[in-house]
Each structure stands twice: as structure tokens, then as C-alpha cells.
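Peer 1: If you scroll down you'll find the structure; I have some questions about it.
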Amino acid sequence: MEISGSLNAIGYGLSAIGGGIGVGLVFAAFIQGVARQPEAQRVLQPLAFMGLAFTEALAILGLVFAFVWKL
Amino acid sequence: MIALALPTAAEGGTFTPPGLEDLHLPDILPWGAEYGTGFGKQMLLVILTVVLVSWFLVAASRRRAMVPGKFQFLGEWTYTFVRNSIGRDMLGEREFKKYTPLLVSLFLFVLLSNMMGSIPFLQIPTTSHVGTAYALAGIVYVYWIYLGFKTHGVKYFKVSVVPSGVPKAFLIPVVLIEIVSTFLVRPMTHSLRLFATMLSGHMIIALTGAAMAYMFTSLGQWWGYPLGSLIFIGGLAMFLFEIFIQVLQAYVFTLLTAVYIQTSISDAH
């Protein structure tokens, strides 16, 4: 059996695992915080999106490198 | 949906999924084409975006009334949203007024640039070309470094890379990591986040469109029609999701701009 194609897609998939788990953790904490203290939502929301932005950096790098580095 | 389409597409043998090359549209200006004028559809859309944003802001604030009409309300709501939920929450009560114009214009420009991907016949987000994202993030990068030097003077080198409360033994690796993460990774991810999400969204829409067209027109089997309809439903869902992502990314881009400005004007690291 012969499999052909680019390994880059698999690499991107691997790099998305960490980012996916991290984003899940960030929003789980955000939802928990809001559920415990609903009036804190305005304070927590930008923080949650900031956490999202920092966490997905690696997955984004993975996507870009998957396109850029043709091996 | 796409996973359903791929095996049959490979069976037909003629289906080629759209690739990165399809994003590089031919130049519009004919002369000097052998050197590459670089003036393609995306450049035209950038100019259109600037014109539309300026028109929107000027027109929404031209006839100011005590009781705002619908249009003035839209303008004021956008402005207030950026000023309060991004500027004031991130930069603090004392500082946010100075940076509100930058944040509002960045937000509107990025939002409309992204939205170009969902407007029929325009259908390509200008930020899906990496040059646009580099330019935007570059402006912000230069600006927050300038602000850091303006606030701290030469001490900014120390303030930006030496975190407080680190034991002396760990200082060298921590400072190295801080230099890389602050001055290299930060502008890179700031621009690439916007570019990559827009690019992948555009590719997904293009892929569902191409797969659907292939299923309906050139497959030649009866089951191409139900399969194509399924792809259409999935593509429509992705299209709506894409609109959400476009708004979210404009918000995140502006939010991060505010965060970077805040880190360089604040005292402690």
C-alpha cells in the first residue's frame, strides 16, 4: 500500500492539538468564572480573548509553516 | 462534507482542490506586467476599504443630533464599543482617550478588510494576503516601541525584557526568552494570526465551492447531486461561521494592539 501526499498536513494537525487544548482550558476557566460571578464578565472577557490569542499562536505558526516549508 | 467529497473526487481523477496559487490574482494594471505591478484585486479592495471607512465615519458624524438617527447610532455604537470594551478596559481610565482614534480606525479597517471575504463579487479578504497583515502589524509594532521609549527613555530596554522577581541565576535564560517573545514572536503572531485565519477561511469557502461545482457539473453520476447538496449545506454553515470569525479577528487584533500599548506604557513589567 502506497500513501502519497504532504506530511505538512500531519504536522499542522499535531501543532493544532496543543492549541486546541489550551483554548479549551482558557474558555473553560472563563465560563466558570462568569458562572460563579456573573458581574465579572466585563472584566473577564477581554482577558479570555487575550488568553485565546496567546494560546493559538503555536497553532497559527504550524498552519503557516505547513504552507511555507515545502519538503 | 469535504471529507465526503475527497474520496469520490480522487476517483473521478479530475478534481483539483484550490490551492495557494488561486489567491494570487492577476494584476489589474496591464503595463509593466512583466515586472509585476503588484496592483491586483486586493490592492483595489484596500483602497475601497479606506474610502468606505472614511465615508462611514464622516457621514455618521456629519449631522449630529441630540437624538441620533439610525446611521448616527450605528457610528456611535461602533465607536463606543471600541472605546469602552477595548480601550477603557485594557488601557485604564486615565490613559485610554489618547489611543482611541488609533484603535477605532484599526478596528474598522481590519473589520471591513475581513468582511470583503463575505461580500458577493468581491469575495476575497484583503487581509488574506500576508502583506496587508504585515503592514498593519508593522505600524503597531513601531508605535508601541516608540511609546515605550517615550515613556521610559533608555530604561525601556530593561523594563521590557527583565521581569521583576526573578532570581539572579535564572536571569540570562529568562531575558533571552523575553527578548525573543517580545520583539520577534509578538509582531509575527500579531500579523500571522489575522492572515492565517483569513486565508484558511477563504480556502475552506473556495474548497466547498469547487467541490460543489465538481459534484454538480462534471461528475456525471446520479449521486453527485445529493452529495453536492450536502456540501452546499456544509459550505453555507462554514460561510456563516466565517463571518463570525472575521468579526472576532478584527476584535482580537484591536484588543492585542491595546494590550501591547498597555505593556509598553505601564510601569511594571
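Any Cβ shown, glycine's included, is placed from N, Cα and C.
Pulled these from TrEMBL:
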type: TRANSMEM; residues: B:39-60; note: transmembrane segment
type: TRANSMEM; residues: B:99-119; note: transmembrane segment
type: TRANSMEM; residues: B:131-149; note: transmembrane segment
type: TRANSMEM; residues: B:170-188; note: transmembrane segment
type: TRANSMEM; residues: B:194-216; note: transmembrane segment
type: TRANSMEM; residues: B:223-241; note: transmembrane segment
Peer 1: Verify whether three or more Cβ pairs under 8 angstroms connect the transmembrane segment (B:170-188) with the transmembrane segment (B:99-119), leaving out any pair fewer than 6 apart in sequence.
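Peer 2: Touching, no - the transmembrane segment (B:99-119) and the transmembrane segment (B:170-188) miss the threshold of 3 or more Cβ pairs under 8 Å.
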Peer 1: Ranking B:39-60, B:131-149, B:194-216 by the number of C-beta pairs under 8 Å to the transmembrane segment (B:223-241), which range is first?
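Peer 2: The stretch with the most close Cβ contacts to the transmembrane segment (B:223-241) is B:194-216.
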Peer 1: Can you name the far-off residues of the same chain, 6+ from the ends of the transmembrane segment (B:131-149), with a Cβ under 8 Å from a Cβ of it?
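Peer 2: 42, 46, 102, 106, 109-110, 113, 156, 159-160, 186-187, 190-192, 194-195, 198, 253, 257, 260-261, 263-265.
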